[in-house]
Each structure stands twice: as C-alpha cells, then as structure tokens.
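TrEMBL has this to say about the protein:
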type	residues	note
DISULFID	Cys3-Cys30	disulfide bond
DOMAIN	3-118	domain 'CUB'
DOMAIN	120-216	domain 'LCCL'
DOMAIN	223-380	domain 'F5/8 type C'
TRANSMEM	446-471	transmembrane segment
Amino acid sequence: DGCGHTVLGPESGTLASINYPRTSPNSTVCEWEIRVKPGQRVQLKFGDFDIDDSDSCHSSYLRVHNGIGPNRTEIGKFCGFGFQMDGLITSKSNEVTVQFMSGIHISGRGFLAAYSTTDKSDLITCLDNASHFSEPEFNKYCPAGCVIPFADISGTIPHGYRDSSSLCMAGVHAGVVSNTLGGQINVVISKGIPYYEGSLANNVTSKVGPLSTSLFTFKTSGCYGTLGMESGVIPDSQITSSSILEWPNQTGEVNIWKPENARLKRVGPPWAALISDEHQWLQIDLNKEKKITGIITTGSTLAEYYYYVSAYRILYSDDAQKWTVYREPGMDKDKIFQGNTELYQEVRNNFIPPIIARFFRINPLKWHQKIAMKVELLGCQFSIGRAPKITLPPPPLPPQNKNDEKNADFIDDFINSVKTSLQTDKTTFTPEIKNTTVTPSVTKDVALAAVLVPVLVMVFTTLILILVCAWHWRNRKKKSEGTYDLPYWDRAGWWKGMKQFLPTKSAEHEETPVRYSSSEISHLRPREVPTMLQSESAEYAQPLVGGIVGTLHQRSTFKPEEGKEASYADLDPYNSPIQEVYHAYAEPLPITGPEYATPIIMDMSSHPSTPLGVPSISTFKAAGNQAPPLVGTCSKLLSRTDSASSAQALYDIPKGQLGPGSADELVYQVPQSLALSTGSKDE
C-alpha cells in the first residue's frame, strides 16, 4: 500500500512513493520489480529523496537489490532528509528490485526515481527542467511515465515552453516522446517571451504562463505539417462517414452536417453522426500512403450546439477493407485518445511511432450530447518503399475460446510490430501539401541537385564576370578617347580643362569660330542683337542674359581671342559717341587676384516686362578721369584686350582700392536705370 505514481516501461520508467510530494503515511510498504531485455543492465537515478532517518534507517528506508526473488542481493540501503545521491545506481543484471518502507515518522516527502537501460547515459528524471542546464542546446533521455499530476508546464509548440516547465512532460505535450515509452529529446534554449499559451495535447494540459528570462523548444524530424483537411487539398469526395445528421430548423430548411464539413477551422457546422453510438466513424482517404504523426480535433464550434467527442480510437488501412486499431508498441490494448473537453478548444494527439497508411478512420467512443467534430491530420509524405508483405498462414476462424482470442491478438500485434519496425523518419521529397507547416527533409534526387547547383553557380558567376569586364573595358576606352573631367578653375591651365569639359564639335567650327563684326551688326535693330547672338552657334558658351542681373560673383569662363582682331563691336544704334571695338568674350582674371563682378550687357528696350524705374547697378573702374558714358537705353560695357603688347589692359578692382595704373584712377558706380521718356524720344 506504499506505491505511488508508477510507470514501468520496457526500457525505462518512473516510480514514486505514495502521496509524493506530500508526506507519506506511516507504516506503508511498496516493492517494484524491474526487468529489461536480457543482456542489458538497469540504472537508477533519484530526482528527489526525503525519507525520515531518525532511527538510522531502521524503520523508514529505501533498499535496492540486484535480481528478483529470494536470490536477490542488496546494492544499498538509503534514508535521510534532503539526501543528495550523486551519480547512478547500476545493477549487475537485467533485473532490479526496489523496496520502500515507511515506519512511524512526522515528515518526509518520500522519493521519486527514474530508471533506464545503461545505454541511456544521459538519463534525467521527470522533475528536471530547463533551468537545471546551462548549455544552449543539449540532448537528454526522458524515462517513461513523466506525465505526473504534481508537475506543471506552460507554453506550447511552436512558440516554446517556459524554462520552469518539466522537460520530459513538455516533451510528451509536444509529441516528441511517448509517455509509455520515453525517448530522446533535443532541447534548444532561447530568449523568453512575455506570455505563454496553454493547450491540451497528448493528455497533458499546459497552463498559461507569465514572462520568463528563457524558454526551450525541441528539435524534431519536421514531419508535422498539415495534410490538407483545412486547406482543401483533400477533396470532399475522399471524406466519408458512417452516417450523416440531417434535421430541419425552425424555418423548415434542412440542415445536413456532412462529412466534408469536418475540416478544422472551417466556418460553419461540423460533421455529425445521425446515431450516437460506438459504431460511428469518420474516414479520410489520403489518396496514397502517408506518414501520419498526429491529429487535431475540435467540437462543433457552434455555441448553440454543444457537441463534441471526448474519447476515440484510431484505425488505419491500405485498402479500406482490413483495418488495424492503433496500439502503442508493447501494449496489448487499443490506445484510447483523449478528445475535447469543450466545443471550441483544439486538442492534439500524436502517434509515436507514426502511422503509415492511406486510409485513416476515427472511431468516437465518448461524446457530449451528439457525435460531432472537425479534424486535421499532421504528417508528411512517405515513399521510401512499401513494407514487404508478410506471408502468414490463412487467417484463423473467429476465436471460440480465450486461448484462440489471445492467438488472434498476438498475430495482429506481430503484424503491427513488423510494420512499425520498418518505418523510417526520412522522406524522399517535399510533400504535395499546400499548407504544410514544416517541410520534411529531402533525400531523393540529391545526386542530381549536387551536380546542378554547382554548375548553375559557375554559369551565373561567369556571366557576372563577363559583364563586369565589359563595363571596365568600355570605361577605359572612353578615357583613352578623351572623357570629360571637371577642371579645377584655380589652375593656370584652366582653359585646357574647359576644352575637355565642353562637348566635341566639328573641325569646321574648331578652325573658324564665329565672330561678329561692326558691319554685321550695324544694320540690326536693338531688339534683334540679342536674338542674333543666341541664334548662331559658337565655340564657347554664351553668357546667360535674362531679367535684371546683378553682379556675378565668379571669374569669367570665356576665352579671350588670340591677337588683336576685333570680333565684336558694341554698337550703339543711337549714335553713341564711343565706337571702340572690344573682344566678344571676357578675359580671365588673374589666379591670385581678387574676384570681381563681371557686368553683363542687357538690352532693356527688348524686355517688355521690365518695370519702370528699376535700377541696375554696374560697378567697374575707368582709366583716368573719364567717366563711362551712358547713352540711349543701353548700358555701356567697357572691356579690355588681353594682348601682350597692350599696356592699357585693366582689370576690375573693388571699389575704394587703387589699381595697377595711375593713382588718380577713380572708381564709379554708374546707375543703369533707364528713363522711359528718353527711349521713346530717341525712337
């Protein structure tokens, strides 16, 4: 009467004293006999140990023996409050006896222990959680029986589990290990999240959890994608049932809850059976053999119809004629899966090992009010090859007694065990599923991909190199032919840079630049002079004239003419007394000299939009005491020649400074405003 939680699996298990983790009752005893396969040994690990040692292990203790029966030998006798047992207790054979004795005591939780075969060197207990390990990723072996009522987990897949959750219990909830078999888990630690969802899966309820510093998830084979119920990949014609519920509503319209309505998350009514008994079923044809790793179910999802299935069996077949009921390995009973506890919540159950079949059937065993459900299957493609046909004697007649019934069950178990032993976790190609959540690993056409991928990479790399080389060659060719480069204006050879900057023109224009003489312009009216200057092409850029332009604060960019030949006569159409001839282009200023404004010729008479009385100031200096004239409507621009023989070449200097000429040279600020009345009279 001293046995508590106990699961004894073929390779691992869990055992605890009665009432653990509360104080065990007085005067109780329990004895566990553990057997594994011959040739293997047993190792025992304690997760918690708290037994009263007030009488020096005389009446309350835990004793471990090698072997079973009267010939067993003692390995050790243990007691103590909060006793820390480092390492493992290892047997010398494949059989171990564990004996717990509880005498008269006041306190003491008892113990919880796990066992496995000695080849599982990384064994942990059901009480271990992620915070006990510092590695960011690690592998551990979980024993069978870790779904315990006194452990909690928070979270779900794929988001992860709170770090305070039991590793092995979370592994059962996630579907990576079986509670009846145990198994290996691959744990990955990552940063925590603010909120952990709760869910029901594999008979384990995960609770809602608050923020934590870290969480953990599990690495899996990846065969957990949806197989097409929700997405519609499985057509309606491949979903059938034993019966269909039909009934008229208050308006007289007939409601038909057909089997194709049994699609998870599909809006509307579910599938419902006409008769609610244990002989009803919902069948799904997957069109070919697939690897089925789990199922998700809900109730009716309609608040006015509180229907759901709370327990069911799973059957599978290759031809829809001979059906096999799903059982866990080593078990002689059909597995009963926990269904829904209400009509909305999604409940997941996983198949370990997975089912390999084409036809899948759900057989409800318990329900609330009526049999009604929506489902989705989880899994991936399976095309490694069909299991070899097993040649057996003709099927026996229906069992007439208990012995015959046992033989029939044995044959069914044998066929099922052979088929599951031939299953594999690998797939050969990506499943033909539109909404598969996790892509399975691929093994087919690996050789072809290994050849094609490097070839394609080399081809694309060669094309890119060719394009880059062609681009560089084209740029070099342009540079050799004289590409344009912006000159530095402060260099002495600024004009050479200017010639490179200007676009290439014909040899004819280069040899005979366009000039304007007095005879060509004298017959033009004032309004036509700017038009002629702009209409003819010239070798050098013309100054931009528009509006009322003030002083330009940059050096001239116009080349002076070679020699003394006059190229442009600034003629005054109104008999200006000064008829001097000046160059058509402004000469450059010295490199070290100051920058001055360059006046610009404006024909104010040809600008009809110019407002009256708008002043235009031109600042320059004149030689000697001669004031620059103002005649008619045009402001007179005095420019100088750059001839080397001319001693009268003058350059603009700022107002108030002495120039290179006579000390008596004056600087004038000549207004360039026009009087409308003067222009009118002259015309």
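Don't overthink the numbers, they just go from 1 along the chain as shown.
The backbone N, Cα and C atoms fix where each Cβ goes, and this holds for glycine too.
The average pLDDT for the domain 'CUB' (3-118) in the predicted structure is 91. Counting residues per DSSP class in helix, strand and coil order gives 11 helix, 38 strand, 48 coil for the domain 'LCCL' (120-216). For the domain 'CUB' (3-118), the DSSP-based tally of helix, strand and coil residues reads 0 helix, 61 strand, 55 coil. Cβ atoms under 8 Å from those of the transmembrane segment (446-471) belong to no residue of the same chain, restricted to positions at least 6 beyond its ends.
The Cβ of Cys30 (disulfide bond) has 20 other Cβ atoms within 10 Å, all protein chains considered.
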